[in-house]
Amino acid sequence: MSTWFMFMFQESNSYYADNLISFHNMVMMIIIMISTLTVYIILDLFMNKFSNLFLLKNHNIEIIWTIIPIIILLIICFPSLKILYLIDEIVNPFFSIKSIGHQWYWSYEYPEFNNIEFDSYMLNYNNLNQFRLLETDNRMVIPMKIPLRLITTSTDVIHSWTVPSLGIKVDAVPGRINQLNLISKRPGIFFGQCSEICGMNHSFMPIMIESTSFQYFLNWVNKQI
């Protein structure tokens, strides 16, 4: 989860988040190198005493500053397309979970497990030993290291189901069903929030996921049934 004065990404807990962070680091390195080169050229032009008033064109320079950006864009393009494909491609999910957005809470359904369903509301942040605006009365429980399919929609306005540590952000749109892969690498509790302004209590729509062992997940399912 995010902490005060945190400028980096949250600790990754999915393979998609790992890929996104690696891609971000690569793009940032390219941006830093381009910015450094640009600043150096500008300073050099201002500080050197040489000038050529008759230099009107240089085909070699024009070829270089056309080809190099094309190469850089291709270097950025292919990893980006690969990550987009991996996130959107649903490959043999073990089961599906449906997430339904409401103003201003989430509902969850487990169709393959006797159609378990429950609502998830934010807890009063005045209670002690809880994270402000992040704790919910019912957690979405998933087994770790097992590929799942998340299906999301909405009953009223557009919401966005977002869990940064899992590298997930998908819009919940009324009358439309969106889906994506969901997999957790290790056990823990992970927090997210609605990331689409959806009305007065938009800030009070937390998402709380508990990732646990498969045996514990089955025990939880039996208790819900």
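Heads up, the Cβ atoms here are built off N, Cα and C, so glycines get one too.
Residues annotated as Cu cation A1 binding site in Swiss-Prot, with similarity to another entry given as evidence: His159, Cys194, Cys198, Met205. Under the heading Cu cation A2 binding site, Swiss-Prot lists Cys194, Glu196, Cys198, His202, citing similarity to another entry as support. Annotated Mg(2+) binding site per Swiss-Prot: Glu196, in sequence order, evidence recorded as similarity to another entry. According to Swiss-Prot, the topological domain 'Mitochondrial intermembrane' annotation covers 1-25, 83-225. Per Swiss-Prot, topological domain 'Mitochondrial matrix' is recorded for 48-62, and the stated evidence type is sequence analysis. Residues annotated as transmembrane segment in Swiss-Prot, with sequence analysis given as evidence: 26-47, 63-82.
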* Residue list, the topological domain 'Mitochondrial intermembrane' (1-25) vs rest of chain: Cβ under 8 Å, 6 or more residues beyond ends. => 79-80, 82-83, 86-87, 131, 134, 164-168, 181-186, 188, 190-191, 211
* **Length of the line joining the Cα atoms of His202 (Cu cation A2 binding site) and Cys194 (Cu cation A1 binding site), in Å** => 7
* Neighbourhood of the Cu cation A1 site (His159, Cys194, Cys198, Met205): other residues with Cβ within 8 Å of the Cβ centroid, in order? -> Gly101, Gln103, Trp104, Trp106, Val157, Ser160, Ala172, Gln193, Ser195, Glu196, Gly199, His202
* Asked: How far is it from His159 (Cu cation A1 binding site) to Glu196 (Cu cation A2 binding site), counting Cα to Cα, in Å?
  -> 5
* Structure fact -> Cα of Glu196 (Cu cation A2 binding site) to Cα of Met205 (Cu cation A1 binding site), in Å and rounded, measures 10
* Structure fact -> Across the topological domain 'Mitochondrial matrix' (48-62) the predicted model averages a pLDDT of 78
* Structure fact -> Using DSSP three-state counts, the residues of the topological domain 'Mitochondrial intermembrane' (83-225) come to 23 helix, 61 strand, 59 coil
* Structure fact -> Counting across all protein chains, other CB atoms within 10 angstroms of the CB of Glu196 (Cu cation A2 binding site) number 18
* Would you count the other CB atoms within 10 A of the CB of His202 (Cu cation A2 binding site), including those on all shown protein chains? => 17
* So among the binding-site residues Cys198, Met205, who's got the most Cβ atoms within 10 Å? -> Met205
